[in-house]
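Novice: Structure incoming, see below.
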């Protein structure tokens with residue numbers, strides 16, 4: 001057998017995104033479902049951001065980070081779903097080489113930003129519950145803005161480096177990606193050149209944006225648990241834990257879906273399984289976050305009510 005045909009990266013016209021199904025009869029249903037979920041995601045996260053920014057009572061560190069998480073969620077979903085919807089609508093499943101790299105960069109950046117903000121939110125809850133007397137100093141506005149800026153830098157730089165490294169990769173003539181977006185691992189499987197540096201970058205980013213934030217979250221909640229169980233009043237314990245419930249739910253959903261794919265043995269991996277898991281953490285969880293943070297949060301419900309002129313909206317009891 002001859003060697004796989006190679007094409008220089010400058011000659012790559014684009015890639016073929018196979019999507020979730022290649023059957024024509026499935027396309028209208030997929031388009032309707034994902035268009036609906038995308039619109040709910042954008043509207044929900046936009047409402048959360050507007051409600052927090054317009055209500056002075058919510059100008060606290062917890063809601064400051066929540067507003068930025070909503071922005072990151074909306075951008076994370078927007079990096080992949082609009083292109084997927086356009087491909088389904090036009091029945092043209094190609095994506096340009098530059099478009100693929102741009103999509104990859106934004107997915108890595110906003111996905112990493114989600115992880116970092118979730119970790120910072122856990123730290124905020126740790127300070128509020130375990131060190132309440134130092135909260136105003138430890139979480140002052142300038143420090144919160146600095147932590148958010150660090151999150152942006154920490155996510156932007158590796159995402160940019162990884163994207164630039166991909167421009168050095170030569171791809172084989174077969175350029176079909178069994179995914180609905182430009183997944184970095186799937187792209188490297190199409191390479192006909194040395195990808196060891198790229199694979200090392202993926203491992204490094206995994207350690208930075210999965211292991212490190214998750215470790216900080218776990219440590220924060222270990223200390224929170226010790227502090228809460230030390231409260232003698234059951235009502236006090238419930239009040240302390242209730243401020244963490246929404247965040248903890250989002251963390252479990254987000255990291256649970258990621259671990260369901262990336263921590264399983266390679267022999268259990270399949271393109272279909274990875275695509276389904278990707279739907280969970282790129283579409284469903286960003287769509288659910290506004291509901292998780294608002295349905296059981298009295299302050300958020302009041303802010304949303306004020307945003308609509310004091311009227312009630314359909315999900316507010």
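Placed from the backbone N, Cα and C atoms, the Cβ positions cover glycine too.
Since the structure is predicted, the reported quantities are computational estimates derived from the model, not experimental observations.
TrEMBL lists these features:
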- 44-293: domain 'G-protein coupled receptors family 1 profile' (DOMAIN)
- 31-51: transmembrane segment (TRANSMEM)
- 102-123: transmembrane segment (TRANSMEM)
- 143-161: transmembrane segment (TRANSMEM)
- 200-229: transmembrane segment (TRANSMEM)
- 241-265: transmembrane segment (TRANSMEM)
- 277-295: transmembrane segment (TRANSMEM)
Novice: Can you tell me which parts of the same chain pack against the transmembrane segment (277-295), counting only residues 6+ beyond its ends and a CB-CB cutoff under 8 A?
Specialist: 20, 34, 37-38, 40-41, 44-45, 47-48, 66, 69-70, 73-74, 76-77, 80-81, 107, 111, 179-181, 183, 246, 249-250, 253-254, 257-258, 260-261, 301, 304, 315-316
Novice: Who are the long-range neighbours of the transmembrane segment (143-161) in its own chain, taking Cβ under 8 Å and residues 6 or more past its ends?
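Specialist: Tertiary neighbours of the transmembrane segment (143-161) are 61, 64-65, 68, 105-106, 108-110, 112-113, 116-117, 120, 201, 204-205, 208-209.
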